[in-house]
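Worksheet: one structure, shown below.
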Amino acid sequence: MSGGHKLSCSGIRFLGVLGSVCREAPAHRLRLTGAVNQPDWTLQIKPWIFNKYRTIWSRSYGVTFSCLNRIKRPPWMRLYSTSQTTIDSSEVKTFQALAHKWWDEQGVYAPLHSMNDLRVPFIRDNLLKAVDDHQPGKPLSGMKILDVGCGGGLLAEPLGRLGASVIGIDPVDENIKTAHHHKSFDPVLDKRLEYRACSLEEIAEETIETFDAVIASEVVEHVIDLETFIQCCCQVLKPGGSLFITTINKTQLSYALGIVFSEQIAGIVPKGTHTWEKFVSPEKLESILESNGLSLQTVAGMLYNPFSGYWHWSENTSLNYAAHAVKSMVQEHPGPAEFVIKEDTEELQANTSPSLGMPEELKK
Amino acid sequence: MAARLVVSRWAAAPVAARAGPLVTCRRWSGAAADTVYDVVVSGGGLVGAAMACALGYDIHFRDKKILLIEAGPKKVLEKLSETYSNRVSSISPGSATLLSSFGAWDHICNMRYRAFRRMQVWDACSEALIMFDKDNLDDMGYIVENDVIMHALTKQLEAVSDRVTVLYRSKAVSYTWPCPFLMADSSPWVQITLGDGSTLQTKLLIGADGHNSGVRQAAGIPNVSWNYDQSAVVATLHLSEATENNVAWQRFLPSGPIALLPLSDTLSSLVWSTSHEHAAELVRMDEEQFVDAVNSAFWSDANHTDFVDSAGSLLQHALALLRPTKVSARQLPPSVARVDAKSRVLFPLGWGHAAEYVRPRVALIGDAAHRVHPLAGQGVNMGFGDISSLAHHLSSAAFNGRDLGSMSHLTGYETERQRHNTALLAATDLLKRLYSTRATPLVLLRTWGLQATNAVSPLKGQIMAFASK
């Protein structure tokens, strides 16, 4: 796909917030045996496991490649339906069998399961900072959380067990089915969790300013239009609500390990699966967040040890990192006036929002 | 485009290795009648009840449902009986800390217990002895009757009855394990069928049902065990005269160790491990003969040999040269005047260790995981140590929103406890075998070994620290 590939605005809004996009031609991608996105634990170096990744990820992300070829498709048609022409039904069946792998803790998704050891305390502790007291046993009770790209519900379930009401959305129907099926056995979780196969766009219209927290874990590096995605996240957040993102940094190291090593040398990931250009650096993320009225509170690096299978917090954010941002309390156009230390003076001048008129806010 | 896919049917090797025999997975019918408990503890003895208490009082378990299944009836103790029970346990300081963490220790203090400050362990075949005590003569441990502990635990369980349900007179007759993979209709929980036919489901099953654990057998966990050729005789003894009685005495006879544990100023509890025939004889013989047997077991030097005695005193002189200040003269335990009627009971002894403490959604604690000779007084303390560790792991798992039956934290518990317990089990078995013989070379070895250990205070300190955990 050349750089001049520019989708229409509506196309972006519908398609861009979901799925992964590769710079290369989707047809080329799909030709690869089960073209896959390397899952974001880039140091996964067990090739024999990778075979299992392929069909799963082709399902979630191969689907959206085809979307780009059909920009004029009506927005209300779900992505899933367009896949019929490009995805083999045998592939669908195979994926259905493999969709169960979400919940196999020693299986292909083991790194995502173990990432919960970092993600859940990160989310829980940052949310608890905002409240004065909480119920022991159900610390997050009363909170409404949106999990964008929830997959099989790996992150939604722990948050549900901590008392939160979670809505999980994912573009892929099978994932939602698996997630729904898994939570159905636990009467407590069944009540607290809700899953929908839809896009962030679709849910954003119905749920403006309803969520205490939005989580986009291992998602933003696959989104076409990060700006719009963040905008939608901000839309559904209550003022003062939190946005949690975990993603991969765009550095030489992530290129070396994530692209060169994984894809070209070790052959763990087929060439072109990850697009280094789509990785997001914390600085870029911060500027997009600020321009949408979210202030970045924390950035922390995460490192995966493929031998032990555990993640660790790290000072180094050059590979994976987690970010926590908070939506401003001001209701109107989010202006950069709130977030002083920023240097985007041209935005300051361009913004004619009345909120700018308060000089003391500039000092914050 | 037809994507060529390489689909290899594979079973996750690490999971399969642990899964054991795959039983028919129960179909999930969504029956509302089946409550899904978060934790079910099978077995309401000292360790099972304490586990239920520990979880019930845990701050991160406030939202959870816990069930304790006990086959026996509820033991209600209106008034503490005058006579002491003959089954007592030596509670280490670490166990006392656990019991006080959920308020049971206060009840015990209000009832009765005896602290001991010193322990003398010596050989019947030589003069060698080892004396344990803490620096400031702090309490080394506590002798508490099992009934008293049980009553304290029951009271604490009643206080959290909104979180912990106790089913008395219920026995689990069968268990159904979840399939390793989430199949279409199968329930991911452990299903337990009780004797009355009712069933319940749980996310985590904790087996605390003793050394013949039904949970362990049903899960197919291999168990290494053997019976000792010894039985233990327990009795409550009246001392000839009231003493301060804060010393625990143990003498290794060739037939087995005899121990005198303080209960009060005038009472002590006896634990005498000896051969099956001798144990039966002791229980049968009349009281006077029994008292004489006990006194002579502690006092008689009939098993001494000159050779070993002189070798022992040689080492003693050498040690005295190196450390002239420390002198441990052998003290004699208080003499026994009479024994409580009907307090003589015997029970067989054995050794056992489960190869695994955990399986997916199953954990073993207490005697279900390990069974030990009473010579070191560690049996129930190891069980309480298991509880501390498992409760700690489950608590942080609950605070992280994890599935309680998940192997990630269960293996953490297993590693921690296996390391501790294996060492203690091996040491106890070794001591038992070492002290069961009259053969001179071994007697000499153990005499010198004991004397040397007694002389090295840091080593004694380490031993005490390990046993107090």
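Glycine residues also receive a Cβ, built from the backbone N, Cα and C atoms like all the rest.
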- Which of A:Asp170, A:Asp173, A:Asp190 shares the S-adenosyl-L-methionine site with A:Arg119, A:Gly149, A:Ser217 in TrEMBL? The record says A:Asp170
- Task: Based on Cβ atoms within 10 Å, give me the single least packed residue among the binding-site residues A:Asp170, A:Glu218, A:Glu221.
- Result: A:Glu218
- Query: Could you state the CA-to-CA distance between A:Glu221 (Mg(2+) binding site) and A:Arg119 (S-adenosyl-L-methionine binding site) to the nearest Å?
  - Reply: 17
- Message: Let me check the 10 A CB neighbour count of A:Ser217 (S-adenosyl-L-methionine binding site). How many other CB atoms are there?
- Response: 24
- Note on the structure: For A:Glu218 (Mg(2+) binding site) and A:Gly149 (S-adenosyl-L-methionine binding site), the CA-to-CA distance in whole Å is 8
- Task: Give the helix, strand or coil assignment DSSP yields for A:His222 (Mg(2+) binding site).
- Result: helix
- Item | Nearest-integer angstrom distance between the alpha carbons (Cα) of A:His222 (Mg(2+) binding site) and A:Asp170 (S-adenosyl-L-methionine binding site) | 13
